[in-house]
Amino acid sequence: MSKPPRRSPRKPTPASPELQLGHEVVWPTSPDAARLDRVANPQRDTDYLARFTAPEFTSLCPVTGQPDFAHLVIDYAPGAWLLESKSLKLYLASFRSHGAFHEDCTVGIGKRIAAEIKPKWLRIGGYWYPRGGIPIDVFWQTGKLPKGLWVPDQGVRPYRGRG
């Protein structure tokens with residue numbers, strides 16, 4: 001039995017100079033300093049949903065400076081552009097030293113992404129862990145859901161404590 005021919009390893013696509021992907025980058029010091037990159041959507045004529053989940057998002061309380069933690073779920077129906085995931089990771093990490101209330105963080109992230117990629121539709125769910133015994137869940141979306149778009153539940157259970 002003969003062996004199949006050896007295939008040469010796939011050559012990586014050269015990194016685009018416009019993107020952070022494929023390049024060493026400096027961690028942004030604030031959300032305003034962070035850059036969100038977009039790439040062309042090869043399936044722009046098809047309605048579909050893309051989901052990013054950040055289960056360990058952190059920011060700071062603007063009053064006490066104490067850390068706040070959230071599970072973020074970002075759903076969007078892409079238009080001409082896709083959100084590049086490395087830039088999203090860096091953008092979300094920039095909140096680690098940023099003081100803002102839960103509502104401001106969640107809605108601000110949704111608005112910033114929507115402004116950058118101009119999706120057909122976007123929603124963000126911010127499921128914040130309790131501070132002072134009260135969990136805060138924040139939801140925002142750009143508008144009406146495109147007809148026929150399948151959007152699964154965000155899959156984050158309501159906070160139940162230890163019970």
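Glycine too: its Cβ is placed from the backbone N, Cα and C atoms.
Marked as region 'Disordered' by Swiss-Prot: 1-23. Annotation source Swiss-Prot lists compositional bias 'Basic residues' at 1-10. The active site, thioimide intermediate annotation in Swiss-Prot covers C61. According to Swiss-Prot, the active site, proton donor annotation covers D68. Positions annotated as substrate binding site by Swiss-Prot: L83, E84, S85, H102, E103.
Taking the features listed in Swiss-Prot, we show where each one sits on the structure.
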residue: C61; record: active site, thioimide intermediate; CB count, 10 Å: 14
residue: D68; record: active site, proton donor; CB count, 10 Å: 21
residue: L83; record: substrate binding site; CB count, 10 Å: 22
residue: E84; record: substrate binding site; CB count, 10 Å: 20
residue: S85; record: substrate binding site; CB count, 10 Å: 13
residue: H102; record: substrate binding site; CB count, 10 Å: 20
residue: E103; record: substrate binding site; CB count, 10 Å: 13
Listing them in sequence order, which of the binding-site residues L83, E84, S85, H102 have their Cα within 10 Å of that of the residue listed as 'active site, thioimide intermediate'?
H102
Starting from the residue listed as 'active site, proton donor', work out which of the binding-site residues listed here (L83, S85, H102, E103) have their Cα within 10 Å, and give them in sequence order.
H102
If you pair up every Cα among L83, E84, S85, H102, E103, the residues annotated as binding substrate, what's the maximum separation in angstrom, rounded to an integer?
24
